[in-house]
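Copied over from Swiss-Prot, here are the features:
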type    : residues           : note
BINDING : 60, 62, 75, 78     : Zn(2+) 1 binding site
BINDING : 449, 451, 453      : Mg(2+) binding site
BINDING : 818, 892, 899, 902 : Zn(2+) 2 binding site
């Protein structure tokens, strides 16, 4: 038995008429669908049961044979085979055409495939196919030329002149004869000769024709198959007809299109039988051609065929195209069973790995499991009975449900799923009500809030799926963000506020200076009101649990607060006692300044000490990162839960409220504003006198008001009260920031007009005073623009992610080490003097290419090919090293993917990346997901030229699509010295002259451009002469691939870092490498490749290797930079490309070439329903055989042995630390 699910690759080709007939189960001769009286399919019609199979299982049309026992019998009365009705989804029919018809895809696409094969223009072809002109097929011994077009009149004249000496015809039959006459081998040989001498337009055309003729020759497709004698009819259940109430029918558009084809075909047959005049027959043939065109691709030529209400009918091509087409709707995005959705509400009582599932949803989702248990425990007699019990909701059902859902994780997903953290696994806990309960800490990963968001639940059914959900997707596992390796589950809002309030210090509150013997005593005193949470007190260190104090500290008394004692209880025991929010305290030890000798006057000592700042959101994040680094997943998730509970508890105790009295009045405000008005007046006077231009006046006015706003903000910060609830909220990072506060208590400042220009009229009032009508009106512009921007940005960002995923979906970690000897030299990314991305962040989690040596001592810090950890990265930077050569995705030699060493650490887990990790998809999500945070607009600074550099999302799109950038910089093509920069006021241009070793070049740059070089500078080729963005395609011509890759990486990082978004370099490297994986062949040498062909670097190297081994001359090529859309469409997989964009074009091309899809990427395998070749679906993991272990093998430990061993190892590690 062949396993239909096991195949290596998938091929597409043109179908010959014989092939179409062999698929068919019978010819459809009548346009009828079903009989409206009996509602049975008509014989020989579009739904005929003889052709397509029975409409009811195991029952023929006339009802003579019913039941399964007649399986396989063909009824002698109605001719219907007795079988399952689902064969109506797979059996095809056909229509024998009375005249050949051209296939619109091959005639109409750009370039016209038929036109290239016949060397005719598409216009000429159209005239022939649609019966406007005759074409000469055999000129005989006349003066006519082959393939010459003749009008009706010319044809008649020539017939009179030459009689039957020549053959000419019109319509698709003529084209078919011409295609049959094409001698592929001869044409190919002739074109190859032509190529040797041809140039320009002629050469391009020759290469194009050669390409297509070679394709036909190699694939075994006949060119004449582009014209069809017979049309397949797709199975009826794929174009259903359903009865609506009221006796009307709804039908698929395809049935209408097929009906028109059959009607016209039958009419044509009748006309031919009657020997009708040729003009009538021609007209009918043309109509048949148009009907078939509409069936295959309605609207491609002329006006589309419309149905009721002037709606164009959906043809076969439309069934595949677009978001609603077969590819994206049914193959890449399927609906799944065992799923539900509901509104989410917060579940603060949950553990990190739990979610609350409403009971009625759970019983529906886990129905089969519960039913099985009911039958197995003999509570129910059979499955039917068990189902009834569940539907009635009997008591024993709920007990069993509780047991069934234990240890059975479910997946929660929130749309839009922008990155892999948008789907996580949780263990369900049954809850009352109808809402799903979500753990508050995972909200950030999902970007969820509880204002009515909904989430979907999915149940992993089989053992493997459950194991994967538990091991890889459990929410407690997903603590780090894959885009930068920082924790994604930092506490927010109330949790931050609670911990902030808990760790505050205040002067002179009750109980200040008291001394306690241990924690419990201090906490008891607080609970009974003797000590305030924020009062500084003394505690004996010896009794503070097992905290790692130094010997010097152990003899002394620690000055801290009750709040901090409580806060430290949730920390791991090995952590230093956290008394101040500093890195030193977190990573080294509690600073000595908080310890005093026993017998000191503690209240007096406390009065001298400054107050310590409380722990803010950022500090909590650092604590979590440190816990993760030292203790890994389990401990971190427990610790997060403790932090969450503590935060909620103490934010409740704190009782933060906001009232109007909390917004204080700033008395200096009026004076500042009056001063600003005076300055503006002075500036206006200067403008009136003509001392400054209008642009300068505008710039200065804006500057004055911004200055006033900043001054007010500064005054507000200075007069801020530390116990002010609004200040506490913004300072802790719980909600809001200082600019919100300025708008409440200071002034709102300047607003943007609808065109993005800043208006000179400031809003002087703040929200406490209230705005005037005019101010209110001005401020609505900005608010509206904000809303529209966000909406547009979301769509743009989503589309960017889709393109990124498509281009990188087949990049998977394929092997351990590719053995490359190349590397990438990296340094900190700078913009002017400002560091955009420091070196240690770029080094972290990468493998070195060469060993790194300390510049002063000469000691080796790290050897070659070793992983750089946090500590090593810091050590390298501290040693003053500025450049390090590392292994990079750019220089990896692995085919169709990356190796472990070139990729380095997996940012999402903090450990080495595993073979099988789908790093391409992760990279695409990491770049696409923050896309919504980037700004939309191109910044236009008021009237200053040369400053319009695109930023934000448009710039990212510009880079990844490899477009010519706006505000392009001029680059030099030679390495040398700038010898002259001259200005020509007449032409308003500057000329820059560079003297290289061999030649001297002069570049003209616009007068307004800001120069980046000065006379006497030594510059390298590819260096920019002016400010602006470099065109990467130009850079590629001047420099090598690695320089371009490096430039693109720096540019992308710049955009994201300017917006405060951190992304790991390796994600951008993966994407950029995909843009540069193709080459264009310049000279084919002795290979079979055509000049100008685009191909994969790996494939090109293989072909050249074979040629060299055979003793031939290898081909030469040059690298090509493709934008991500273009790169996706150029992939080797036609399934992946067709499901991305331009479906018909991709399929047309693939069919002619008889392309084989090797099914290497993820998308292709999802489409055909195979398990994806990444992660556990990789061959090396699927084909593992269980090894037989001897009965009493010495290598088999019991679980308890292993646990004891691990505990001992951990203890050793801690001692070594």
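Counting begins at 1 with the first residue displayed.
Placed from the backbone N, Cα and C atoms, the Cβ positions cover glycine too.
Distribution of Swiss-Prot features across the structure.
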residue	record	Cβ within 10 Å
60	Zn(2+) 1 binding site	24
62	Zn(2+) 1 binding site	14
75	Zn(2+) 1 binding site	20
78	Zn(2+) 1 binding site	16
449	Mg(2+) binding site	11
451	Mg(2+) binding site	6
453	Mg(2+) binding site	17
818	Zn(2+) 2 binding site	18
892	Zn(2+) 2 binding site	25
902	Zn(2+) 2 binding site	30
Cβ-Cβ neighbours of residue 899 (Zn(2+) 2 binding site) (radius 10 Å): 22
Rounded to the nearest Å - Cα separation of residue 60 (Zn(2+) 1 binding site) and residue 449 (Mg(2+) binding site): 57
Environment of 60, 62, 75, 78, the listed Zn(2+) 1 site - residues of the same chain whose CB lies within 8 A of the CB centroid: 61, 63, 64, 65, 76, 77, 79, 80
Candidate binding-site residues 449, 453, 818, 899, pick with smallest Cα gap to residue 62 (Zn(2+) 1 binding site): 453
Between residue 453 (Mg(2+) binding site) and residue 75 (Zn(2+) 1 binding site): CA-CA distance (Å): 57
Cα distance (Å, whole number) from residue 78 (Zn(2+) 1 binding site) to residue 899 (Zn(2+) 2 binding site): 63
Length of the line joining the Cα atoms of residue 892 (Zn(2+) 2 binding site) and residue 451 (Mg(2+) binding site), in Å: 47
Cα-nearest neighbour of residue 449 (Mg(2+) binding site) within the listed binding-site residues, 78, 818, 902: 902
When distances run from the Cα of residue 453 (Mg(2+) binding site) to each of the binding-site residues 78, 818, 902, the nearest one: 902
Spatial separation of residue 902 (Zn(2+) 2 binding site) from residue 78 (Zn(2+) 1 binding site) - C-alpha basis, Å: 68
Distance from residue 451 (Mg(2+) binding site) back to residue 818 (Zn(2+) 2 binding site), taken between C-alpha atoms, in Å: 50
Non-site residues, in chain order, whose CB comes within 8 A of the mean position of the CB atoms of 818, 892, 899, 902 at Zn(2+) 2: 815, 817, 820, 887, 889, 891, 893, 894, 898, 900, 901, 903
Listed in sequence order, residues not in 449, 451, 453 with Cβ within 8 Å of the centre of the Mg(2+) site Cβ atoms: 344, 448, 450, 452
Three-class DSSP secondary structure - residue 899 (Zn(2+) 2 binding site): strand
Cα-to-Cα gap, residue 902 (Zn(2+) 2 binding site) vs residue 451 (Mg(2+) binding site), nearest whole Å: 44
